[in-house]
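Quick notes on the structure that follows.
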Amino acid sequence: MSDIQEKERELKAAFIQHLPARIASISRDWGELVIGNLDDEQLLKLYQKVQNLTGASGRYSLINLSESSFSFEVYLNALVGTNRQPTSDQKETGGSLLSAMKHEMELIRSKSGIEQHKEILVYLLQASNDLAPGLSDLLEEQECTVLSFHHPDDVEGEVQRRLPDVLIIDASFLSKIGLLNRELAIQQEYQKKQVGIICLSQSRDLEQRLLALRSGVDAYYLTPINTHDLVEKVLDIASPKEDRYRILVVEDDPSQADFAASILQKSGMKTLALTDPMKVIDALDEFRPDLILMDLYMPNANGIELTAIIREHPAFIMTPIVFLSGEQDTDKKLHALSVGGEDFFSKPISPRQL
């Protein structure tokens, strides 16, 4: 192979590598056009992005992608300069053309030998871009492919074709995603893949938070959102490392909590020690423990009450809860176990017990 051919091969590989980011940018702009957030100048920039993609695809002999991109280019050209929003039929047509481009991209990447497992696909369902400004750009910097949607029905159609690694959803849609949740469950079983769900919310309303938990949400973020933290969470969910066993220690005595946590850490486990029982629900969302060690008697909320609340959340129904207590009354122990506890460790706890 000559130097020129080798250089051309490298350029083509780089082009294919960055295709997801380019098409995600086009998809995001298209989503803004659909909801009326794109003026004619921005529409022209979208048209130019598609035009550039058409030319580059042809230059690298990616004929099918070039043709599907050209069809979308011609479609957008008819809208440029009209200063009118596309009709419902036009939106449907544009969406179909964009989907065809995405399909061709996936075929190209699957044939190119690029390691597909490195790609992280994120679906972003939100009513506006205000909840986490700059999120899409930051995700794309981490080589994530971000597809934006503004209605649950659009996501439902997309997951039938391909599941994302992570679905980020605006909490305002929680009451409208019944069909989407059912489709996700079906496709996760069919495609043998789990989807992480992150919810973004402007409200501290407890009912909305409960609805999120019942909808299978893995993490819940309130505005103002630290976008960098959110990106880290997406990467953590999408590319899980070989995680150590995670133990949540809920104990109002700091010395007891630290003692239990340190013993468990020395055994190779990951721990989070809480001395404030009122922070347990937030900790569950963020830490996602494999097991909970719960002090039975604490101020503000005792272990029995907290266990009953935890068991109301579908995500934590099966999480083992072991009580820590010096309680000797058998009836009281049985009552504690009846609300969802698995076992008792008697205080003072020995390292061997842990």
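Glycine residues also receive a Cβ, built from the backbone N, Cα and C atoms like all the rest.
Automatic prediction, not curation, is the source of TrEMBL annotations.
Features as listed in TrEMBL:
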DOMAIN    121-238  domain 'Response regulatory'
DOMAIN    246-354  domain 'Response regulatory'
MOD_RES   Asp170  4-aspartylphosphate
MOD_RES   Asp295  4-aspartylphosphate
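It is Asp170, among the modified residues Asp170, Asp295, whose Cβ has the fewest other Cβ atoms within 10 Å in the structure shown. Between the alpha carbons (Cα) of Asp295 (4-aspartylphosphate) and Asp170 (4-aspartylphosphate) lies a span of roughly 36 Å. DSSP labels the residues of the domain 'Response regulatory' (121-238) in these numbers: 58 helix, 26 strand, 34 coil.
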